[in-house]
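**Student:** From TrEMBL, here are the annotated features:
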- 44-135: domain 'Ig-like' (DOMAIN)
- 139-232: domain 'Ig-like' (DOMAIN)
- 248-335: domain 'Ig-like' (DOMAIN)
- 340-422: domain 'Ig-like' (DOMAIN)
- 427-515: domain 'Ig-like' (DOMAIN)
- 519-560: domain 'Ig-like' (DOMAIN)
- 601-691: domain 'Fibronectin type-III' (DOMAIN)
- 675-699: region 'Disordered' (REGION)
- 697-790: domain 'Fibronectin type-III' (DOMAIN)
- 795-897: domain 'Fibronectin type-III' (DOMAIN)
- 899-998: domain 'Fibronectin type-III' (DOMAIN)
- 1060-1081: transmembrane segment (TRANSMEM)
- 1096-1148: region 'Disordered' (REGION)
Amino acid sequence: MRLQRILGLVAALGVITCICAFHTTAAVIIPLEVLGHVNIEQLPTITAQSPSSLIAFPFDESFPMTCEAKGNPEPEFRWMKNGQEFDPFLDPRLMKEENSGTFVIPNNGNLTEYQGTYRCYASNKLGTAISKEIEFIVPHVPKFPKETLDPVVVEEGQPFTLKCDPPKGIPPLQIYWMTISLQHIEQDERVSMGLNGDLYFSHAVEKDSRRDYCCFAAFPRIRTIVQKNAMSVIVQTSTSNAILQRRPSLLTPSSARSETQLVKEEDLKLECIAEGFPTPQVEWVKVGHRLPIKAKLENHGKLLIVPRVEQEDSGKYMCKAKNALGEAVHYFTVTIEEPPEWVSEPESQLSMIGSDVLIKCSASGTPQPTITWRVNGVPLQANRKVLGDTILLRNAKASDSAVYQCEASNRHRTLLSNANIMIMNLPPMILTKEGEDYSAVEGKGVMMHCKVFSSPPSTVTWYVYDSSESVEGPRFAVHDNGSLEIYSVEKGDTGQYTCLAKNTEGSSAIDTMLYVKDPTRIVVPPEHLQILIGTTAQLSCLAEYDESFKNDIELLWEKDDMEIVSERKVHTESVLLAVNGINMTYTFLGDILHHELRLVSLRNIQAQSRGLRRFLRSWWLDKQSFEFIIEYEESQWEPGNWKELLRVPGNHNSAVLKLHGNVDYCFRVSGVNSVGRGPSSEPTERYKPPAAAPDKNPENIKIEGHLAHEMDINWEPLLPIEHNGPGLEYKVSYRRQDLEEDWQEHMVKRHSFVVKNTPTFVPYEIKIQAKNNQGWGPDPKIVTGYSGEDFPSAAPDDVAVEVMNSSVVKVSWTRVHKDKLHGHLGGYRINWWRLRSLVDSKKSHGDKHTLTIPGDRNHAAVPGLTPFSEYSLIVMTFNGRGNGPGSHPVNFKTPEGVPEKNPVFRVTDVQKHTVSLVWAPPLEPNGILTGYLLEYQLINDTEEVGPLQTVDISNPDTTKWTLRDLEPVSKYKLYLRSCTTVGCGLVVSEECTTTLETSRAAGLWKISEALNTSKNFHIIDGLEPGAEYTVRLINSRVDNSSIFEDVISTGSTGISTQGWFIGLMCAIALLTLIVLIACFVNRNKGGKYSVKEKEDLHPDVESQGMNDDTFCEYSDNDEKPLKGSQHSLSREIKAGDSGDSLVDYGDEDVQFNEDGSFIGEYAGRKEKRVSAEIKATVQTPA
């Protein structure tokens, strides 16, 4: 009744309305208050899972594979291991938990069989959520090989290296060189250990001879230390007792250049270990830049470490080893890559039916991450519309509710996000309690809540209950979450308010009460006091408050944010506080207001002039100030704007200022201490230093080349105050760096200059000097830049392809010479496209794919290829201007792989002991099909399942099979996989239950082979006369949906096949023959016989009979091709046998005539499977 009364008032009252969008939060979490009123189904959500890497340390008792999820109904769990189904309940050694996806691997046996990559799937009838991939790693015990090591014999003064070659194991790896007695081998500038664990000697000395050099490898995470056999070193001393000096050379790295790639936030470690005598010293530089500030040197300068690298740490580094006889250098090219990071992570949504839903997913990283979409754990189907990085669900239906997964991955990491998309309609449910009371102080604001959950969003309306006073005006606002906010409440706002929520599914309302209180305020606040140290301060405070707070009011005093505690609390309106020895700031609080006392004093400030461009400021020292601030104001460019010029310690009373020429200054001084800043002094008289030459040159010079034969020079101009006088100009000087030529000079007033007719991409030296009417600025610094880039003019040579596996190849090439780059090398690009499948000899140019390889590399891996296919690729280089020419195309073939899933696998007939199956070959066999692997097992509703039975079908042309000797009234799980010589592909499954009794064959669907969509008819033979059939055309590739269905009837047997009719016709023929003979005899006798009259009296019975029965006549009706068919639906239709074959034709839309027959049009070479189903209802002729 109350709701009806509310609805009746809405039309009469002025109201505030808001569309409540509470349910469009970032995650679809149904509030508990809602679940208490109605049972709402929810998609599954993964709530707990194991880390991405789970290492089976030998000292751990067990290893939990965690997978927990929530949803309504409760989710069911399943696991995949290495892409195959994995059921923990089939392994009695694993420990399982009920109503949970978690299982525990005990450490009580061989764990190697459990090693692999796992993924958990949590499903209910609404959808499926998936976990990230979990790699279970079983480490092996690292061991050095058992070997006999020959002694290392070296002449004194010569370099040598002791190899460690530590075994592989779980990182981190720590290497130590020690003696048999566990004494560390001393390391210094001559002897050092490299990053690979080898021990390097710059030159041998006699004390290096020993027999117990031992390399120890420690693996802390598995608590293991292993030792290599001891090594002996024999140093042969020279007869001259003198070591010959020699110039340095590098022991490691061995080549002149090397490339290093690492991930952002990792530590960069570069080492150079040299040999020579005297022992070389190692220096490090970053080419063209300074070494990073955070860089540090270790191992006696041989190891450069840059911790937690960023993109700016990439570039070219050089190490230089030198002694008195020479030097040796090595260049490192360092590239920093980044794992994927979410730019836009997909969010869960609750949307109403019929709305448009956008699901956005994008990530950044180096290389650029690959985005993969899944729906309920299954790769996204073609019928889902993807716009760039967004899935669009237009006019969403309840069936679109699902868990959408987005996976962003590159070679460094994979990110996975599950987004629960719920499409549903719900009436409003107000989650705020009925009858809430709110209190507000007059003049302040108040927020009254009305939290609504609904779909679609509700319209929320607030009004004063049972009153004609409208809730409207500038003081009232209804927020998006349904709450009503009243600004600066008044006494008249007291009363009862009603919140009404309404959408297309229904409405709901609650009442709430607002009470407005008198404010608590201090009417007589404490006054600011200035007193002498050691005297008494008396502060008074008088407050007023609402009568309802009479028993709750309390006045508090604070000093320096600390409450002043007296012997007892004083509940009075007037309080007197006496404090001795005030020497700092005081704060006094009276409920909601506060007052401060500040003691700040600055005394007598003086000014005087000294020099042309230096200014002396002096003042009296204030012991309370820690430092002084000198500010200036100039009258030409920013009059009235005071700027800080200098800070002076508090124990100084004067300062010398550095000023710009030709500027009209005035100054002021203020003091600042820990309390705050004091007032400023009065400004001084104006002072204008004379004009002078510029004392600085432009900075941040940028050299760019937008065109091939131009060079753009830009710089930051001097600020007006930095001109130091009128007539400011810039002298731009430039010359080629690689030639000995004079400087080219130009005077300009702007802050940019373009050099025309430059050679393509050559280095230039540039300097810019400021000048005004008083003279030149200081000597400018020289910067280096390049003229404009042009497109590369050469393609990579010697392009070669090495097949790694069925979907990955390695491409290598010879780098393009730097003279042909005509710019800064950006990297290389590989373009490839699929020519054909090796199963089909006909070629079809596929879509072009591109892989970009940044930097100076000569090889790359191309992933994602289709097995058993022929491809073509080209390689090109690129710079800042664009791509160069492509190389000569290289064709290659990928080997066979395992087939895709079978697109069709269905049960066509179920009997008491038999089940008939039919399937379609895989769309991508990825090789030559060798047959099929059919498996089945009993899965009645018990804890145990029956043994897995296998049927090996070796004929690849077989597409149907009948399983026999099955148990009656039993549920079976059927599995099918297609196979090549490489192996069998992904499994597709079906379930069925055998019947109690064997039924007749009538009414069962029969399925033809795949049809050719380029033909508009198909002949079906083997039909029974006088029967009615249902003909259905289905699209087996997408969703087995019917695209055409019709009911036809075959003709009856007809009287022409009946025995009595044949006998009658024979008698008529014999009688006709007798009459003709009699006529002939009569004619020969001269008698007259009128044949025409005879024919009129005796018409041709046979002709008449043929006219009466016309069922055999040919008609060009579209349904008639079903008659007289010469091909059985159960046999394979081959391209050479009939013109209606669909082999090798395109995936085009199917058009229909008015009677329902279809016309297929050829327009491409995409593969599409179409099947026809025929359901027959046999009618027994009467």
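Keep in mind that glycine also has a Cβ here, set from the backbone N, Cα and C atoms.
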**Student:** Just give the helix, strand and coil counts over the domain 'Ig-like' (139-232), going by DSSP.
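**Tutor:** For the domain 'Ig-like' (139-232), the helix, strand and coil counts are 6 helix, 35 strand, 53 coil.
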**Student:** Output the single range from 44-135, 248-335, 519-560 maximising the number of Cβ pairs under 8 Å to the domain 'Fibronectin type-III' (795-897).
**Tutor:** 248-335
**Student:** Of the listed stretches (44-135, 139-232, 519-560), which one yields the highest count of Cβ-Cβ distances below 8 Å with the domain 'Ig-like' (340-422)?
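**Tutor:** That would be 44-135.
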**Student:** What mean pLDDT does the predicted model reach across the domain 'Ig-like' (519-560)?
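**Tutor:** Reported value for the domain 'Ig-like' (519-560) is a mean pLDDT of 77.
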**Student:** Counting each residue once, how many in the domain 'Ig-like' (248-335) are helix, strand and coil under DSSP?
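**Tutor:** Helix, strand, coil within the domain 'Ig-like' (248-335): 3 helix, 54 strand, 31 coil.
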